[in-house]
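Structure first, commentary second.
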Amino acid sequence: MDSLKIATFNINGIRARRTNLLEWLEREQPDVVCLQELKAQDADFPIDDIRAAGYGAIWHGQKSWNGVAILSKGDDPLEIRRGLPGDPDDTHSRYLEAAAHGVIVACLYLPNGNPQPGPKFEYKLAWFERFIKHAAGLFDNGHPVVLAGDYNVVPTDEDIYNPRSWTKDALLQPESRECYERLLAQGWTDALRAKYPDARIYTFWDYFRQHWQKNSGLRIDHLLLSADLAPRLIDAGVDRWVRDQEHASDHAPTWITLKGEASGKAVQEKPAKRSKAKTTQ
DNA sequence: ATGTCTTTCGAGGAAAGA
């Protein structure tokens, strides 16, 4: 059966992690990849290596911090949007949107927000509000959409090894969680949680106190599916072997597979005669 | 409070962000 694999990976410095990335692409062969925390300027994005691995890419870099990219196997993603609308003074490179393999892919790197309270937390919540507003339009646009990235939100206490030492952290604040809930309430499906409702799933293990070795992780990298994509979800998972490598990022690639064509062009036009009524799979 | 890693600046090691 044809299927489409879409992944999100906070790479924590693409120059320091170039070989980790190429090894992962080679082994897992995702069709579409969202990368966050490039920590590199546009000119330092290793596009030649990525092309040699069989991927086209678009990227939005920034010196030292942030930076996002979308990779597409076999062709270039068709860029739709660079930067989140709603604040012309926001200089952070945290958002890219493109069409690839018949799906609209939003790649996001939501602000961390620590320390909390403070201006960084205010920025996080303001950014989240802008994203919620933009996502509402995406949900209704009639195309299949995936919102993939590092949300810097632990949705519930089931998404962390032990919330006790993190109660003051921006990733667990009620305000952060409430924003995530409000986003889901638009109708999006949290793919990993939908596929595995009761499993402990982590995507991030910080570098402190041997958290990886003890599997003391957090689930903060999410893939949200629009209404017409949710029934196409086949499987979801985390490539934990990447986190176990030497010089690994503190995140692991997180992925879904969807029923349907993996090859082909960018977003296809909807058939003209198609009614807007929801069809069941 | 701590812990570790990557970045910049600039030439060794410190500071900041996560």
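Even glycines carry a Cβ here, placed using N, Cα and C.
Keep in mind that what you see is a predicted model, and the values were worked out from it rather than measured.
Features of the protein shown, as given by TrEMBL:
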type	residues	note
DOMAIN	A:7-251	domain 'Endonuclease/exonuclease/phosphatase'
BINDING	A:ASN10, A:GLU37, A:ASP150, A:ASN152, A:ASP250, A:HIS251	Mg(2+) binding site
ACT_SITE	A:TYR109	active site
SITE	A:ASN152	site 'Transition state stabilizer'
SITE	A:ASP221	site 'Important for catalytic activity'
SITE	A:HIS251	site 'Interaction with DNA substrate'
Can you tell which of the binding-site residues (A:GLU37, A:ASP150, A:ASP250) has the fewest other C-beta atoms within 10 angstroms of its C-beta? A:ASP250
Listed in sequence order, residues with CB under 8 A of A:ASN10 (Mg(2+) binding site) and six or more positions away: A:LEU35, A:GLN36, A:GLU37, A:TYR109, A:GLY149, A:ASP150, A:PHE204, A:ASP221, A:SER249, A:ASP250, A:HIS251
Considering every residue in the domain 'Endonuclease/exonuclease/phosphatase' (A:7-251), what is the mean pLDDT value? 96
Given the Mg(2+) site residues A:ASN10, A:GLU37, A:ASP150, A:ASN152, A:ASP250, A:HIS251, which other residues of that chain have a Cβ within 8 Å of the mean position of their Cβ atoms, reported in sequence order? A:ASN12, A:GLN36, A:TYR109, A:PHE204, A:ILE220, A:ASP221, A:SER249
Same-chain residues six or more away whose CB lies under 8 A from the CB of A:ASN152 (Mg(2+) binding site)? A:LEU110, A:PRO111, A:ASN112, A:GLY113, A:LYS124, A:ALA170, A:LEU171, A:SER176, A:ILE220
